[in-house]
Amino acid sequence: MLKALELAGFKSFADRTRFDFPDGITVVVGPNGSGKSNIVDAMKWVLGSQSAKSLRGKDMSDVIFKGSQTRGPAGAAEATIIFDNTGGQMPVDAPEVHVTRRVYRSGEGEYLINQQAVRLKDVKALIRGTGIGIDAYSLIEQGKVDRMLQANAKDRRAIFEEAAGISRFKAKKVEAERRLERVQTNLTRLGDIVDEVATRLKTLKSQAGKAERYRQASDRLKELRTVVAWNDWLTLSTELNEATTQLEAAQRQHRKADTLRESLEEQRQAAEMQLQTIADAAREAEQSRSELSGEIARIGGRRESDQTTLVEQRRTLIGHYRRLRAMRTEAGSAIADLRKTIAALEVAEAELADVQQKKESIAAKRDVEQATVHRIESARDDLQRDHLAAVRRVAEHEANRGRVAQQMREAARALEEIARNSVTAEEGLKTALRDHDEVARNVSELEKRITDAQREVEIADAKVCETRRVLERRREEIGSLKIRLQGITERARVLDELQQKQEGVSGGVREVLRMSNAELKKDLVGIVADCFSVDRQVAPLIDAALGPRSQYVIVRGGSVSDAISRGDIKIGTRVGIIRLDELPNRRPGDKIRLDGLAGVIGRADKMIDCEVELEPLVRHLLGNTWLVDTLATAIGLRKLSSAGLRFVTASGDLLDNDGSSVVGPPGGETGLVSRRSELAAAKSEMQHYSYQIAEAEKEVGRLTGVVDSEAAELGRHEQAMRKWITEHAAAEAKLHHVTERLSARQATVDELKRSSASHTELLATAKQQDGELAVSIQKGKQEIETLEAQRTEVDVQLTAASEQLREVQSEAMSISVEAARSEQRVESLTIAADVARRDQSQREAANQEVRDAMTRTRERITEIETRILEADNRLAELMIAMESADAKLQVLAAEANQEREATRRVQTESQAAIKAVAKATEAVATISSARDAAALKQSTLADRIAEDYQIDLRNDEPPEELAEIEDRSSVDEEISRLRGQVQNVGSVNMEALEELNELQVRYDELHGQYQDLTAAKDSLQRVIARINADSRRLFLDTLEAIRINFQKLYRKSFGGGHADLILEESDDPLEAGVEIVATPPGKPSFSNSLLSGGEKALTAVALLMSIFQYRPSPFCVLDEVDAPFDEANIGRFVTVLTEFLDQSKFIVVTHSKKTMTAATTLYGVTMQESGVSKQVSIRFEDVSEDGQINAA
């Protein structure tokens, strides 16, 4: 299937190069660094590798030829794999399939199939299920053999999935799962919509019935209210004209008094501004002083911590000094003991040499004496053989007895020596026991210290963790506060924009507020809603109480009204105007007090903050309005109190003083007063949250410092624990050494005891033998008494010679025993000297360790002392700066006192002027009260009718046939009844009937879509289940077939052994990993990581060929896979490859000549030009043993 590979500008292949791959084994050879492996990299790159690292580069531009000494760099890299598709294996209608990848130096890249641009997804789809791919078994590069065995089981299963051909199923499954997820999301969303529409449909069916009843009652109510409104409007117009004339005179007097008050107010404001300037300067100075104080506290805390650490380090240094002195004392004693031992050893060795010389001398003397005895015995034998026989028997008995006596003496001497050695050994054992107990106690004490240190570390670590948890909670709180602040800020911004744009204010009012006439602007105060400050919770009630009057323009005289009348100010809609100079002094109901009654919240004007100038206006507008909890409370209070009071309930219902009421839920728009109050509240909350965030951030800073401090404390505890652990390890090593010495001493004592028992037994046996020999000798003497006379002289000579021989033998035996003792003493002293030398070496190492610790401690002390000195200098500078800040604060305090005194003087004069204004205002209020009452009633009536029925009482003419009301009470009763009927109907959707039909159609359509999505979901779930079942079956069948092939090929490749593939236990085989077990012949079972390089490679090759045997890949690339093989394994490797040539073709990159012998096609790659790879034709004999290509 693989036909050729073409390269152009790819890595070191600067020129266009083509490699044809005919059937069989194609071998690529060349020296190291010639670019052979770039052929494998090119194949991986074309097949979709996205990792520059796997291509042995830093980024993808590294695949482009970089140039050489004689060539410039290439602008692009290109590689093409050509597949033979005459059999139609690939889903492309062409005899050849060219898969090309190209990348430009600009970073752009492209994939092409038969010169048509495609996506990487299309390339992967083309080769999926064929065994071809960068992660499949068709590309085995350097190092991948080892990774195939050492990879985890789940990563390794990808190779078997490719062999089973289920990778395409996995892609389909992933796509189906994505579609299922989208369907489920849409199904959930559509289900919510269907439920919502169904609920709305049910509601509309109920609303349609209400709509008809509401229409009939509202039409009759409109008819009656219109007639009543026109009659009331005409009556109120007459009253209003009379009140206006009386008000103008009083307003002129009010303006004079107000001018003086404004002048004094300007003086007071100037003084307050100066006082504010001084206060700002004082705050800045106080802030600077606070920062200096904080810096002093921080540096002082750090200095105190350093001082504590310095004391601890000095204590540590003193401890090191004491330990060093103790170790030096101990070392001096040990050196003296070592010298004594060496001296004793030298004396013992000299004594041993002297005894050896004596032993040799006495041995020669013994030989001489034995020769003399033999000569005498020979002469005696010649005289009388019979006598000699008797004498021989006696002599033998005596000799035996002498030997027994000698054994007895030797045993006695040995027992004496053993007794002496036992005393010495027992003393050494006691000393070793004392040393062992002392070191064991030291180890136990160190273990206790380590346990204490571990407990301290755990406590410190718990403190650090707890503080960090608190710190994280504080940071989360800051995040939550910032989110709240952001929401409130956004709401405030929207409200501010509405306020700036004057949303909700009628066009005529905006035109009046935007007028440019400076003279007229002097009389303009603003609209009612903008001049009040009220709590946000009460604001909706004030909006309800004011009604349209919240948009009334407040003026100080009649110039604005005159300008509107003259046409100087052009307005598009009607404008309500309130003149401060014409307000009445009192209104009906001002003096009525309902405070403290059940259900009463308070009087409306008392809920408002405003400037002093506007207080009469507030009393005028709201002085007769009371806020109560419910409508029932309002009705009850109206019956108890006199007429003239208005009531507003907590839900926004209004019970007016004329008996009318406005009830029901408020509209969706926020009132002007509510909006202004909400904006003020939002700004206040912004300040509140900003303060909380600042405080929380301070707390975070503090906690961060605490964490650092606690972490440092934890570090100190851990350092102490490490110190005790180090000492404990040294003590355990010493304990081990002492234990070994104790064991040796105990073994010596035990051996001496066994030797003593043995010699005691030998002595008893010898005594028994001596008694028996004495009896035998006595009998022999009696036998030879008759013969002694004849041979007396000979016997005397023989006895004398024998005695001499026995003496010499006894002396020789004594010298031998002495020599044995000397040798034993030399050996004992040699062992003692070796032990002392080892102890001395260990003491010197411990001594050096303590000196190193002292050096580190001194350096730490110097560092801390330097920091303390720097902190002292900085504290002095900060104290000077703080004194300067205190002096500045004192100066500012004196200036502030002067300004406050000036402000008090101006305020006194201003209060007098305000009283004069108030007196004039009261006069104006008294006169204008009647007018305002009529105007308010008229305006409220007009606004209510305009709002309810779009009838303009102000501009429209009364109907010509206006009916007169003969029985007003019956009409009011009918209106009240109709109102109740309309209200009882509740909220009515007049468009319910039309909307009902449209909604029914939409519901039917959505319900059908929901059923379609449900069916699609079921279908996708069935598809995924079928894919899982097919994949599971294919995977298990494939794994079992490959497993059988692997077992056979492994035994064939290794000449025996055992190998197996094991599927890990899992609920789903598709999620289980695959383990490889390989045991070469003659070796025990062990981990794959312990296999040799050759065994790993041959095992991987056997596995690879097992996969090929089950599902042949069109080709297989092996990049220096045979590098770890010896000659025998290469032969097996080549044999395995040749067996699969009828199923696939192989491209092998190698240095081995034995592998080259199996090649049907041989390519050489060299760098005849530096940095540029070139394909060359070679012969087998042109390649050296190390893969070098010899020049022709």
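Here the Cβ of each residue, glycine as well, is placed from N, Cα and C on the backbone.
Coiled coil is the annotation Swiss-Prot gives to one range among 62-95, 164-197, 198-231, and that range is 164-197. The stretch that Swiss-Prot tags with coiled coil, taken from the ranges 491-535, 536-580, 986-1030, is 986-1030. All chains included, 23 other C-beta atoms sit within 10 angstroms of the C-beta of Lys36 (ATP binding site). Comparing Cβ neighbour counts within 10 Å across the binding-site residues Asn32, Ser34, Ser37, Asn38, the minimum falls on Asn32. Local packing around the Cβ, expressed as the count of other Cβ atoms within 10 angstroms, is greatest for Gly35 among the binding-site residues Pro31, Gly35. In the three-state DSSP assignment, the secondary structure recorded for Ser37 (ATP binding site) is helix.
Residues of the domain 'SMC hinge' (522-636) grouped by DSSP class, helix first, strand second and coil last, total 51 helix, 22 strand, 42 coil.
Here the listed stretches are 234-292, 333-369, 396-464, and the one with the most C-beta pairs under 8 angstroms to the coiled coil (676-736) is 396-464.
Apart from Pro31, Asn32, Gly33, Ser34, Gly35, Lys36, Ser37, Asn38, the residues listed for ATP, the same chain places the Cβ atoms of Ser12, Gly30, Val1165, Met1167, Ser1173 within 8 Å of the centroid of those Cβ atoms. For the domain 'SMC hinge' (522-636), the model's average pLDDT works out to 80. In the three-state DSSP scheme, Asn32 (ATP binding site) is classed as coil.
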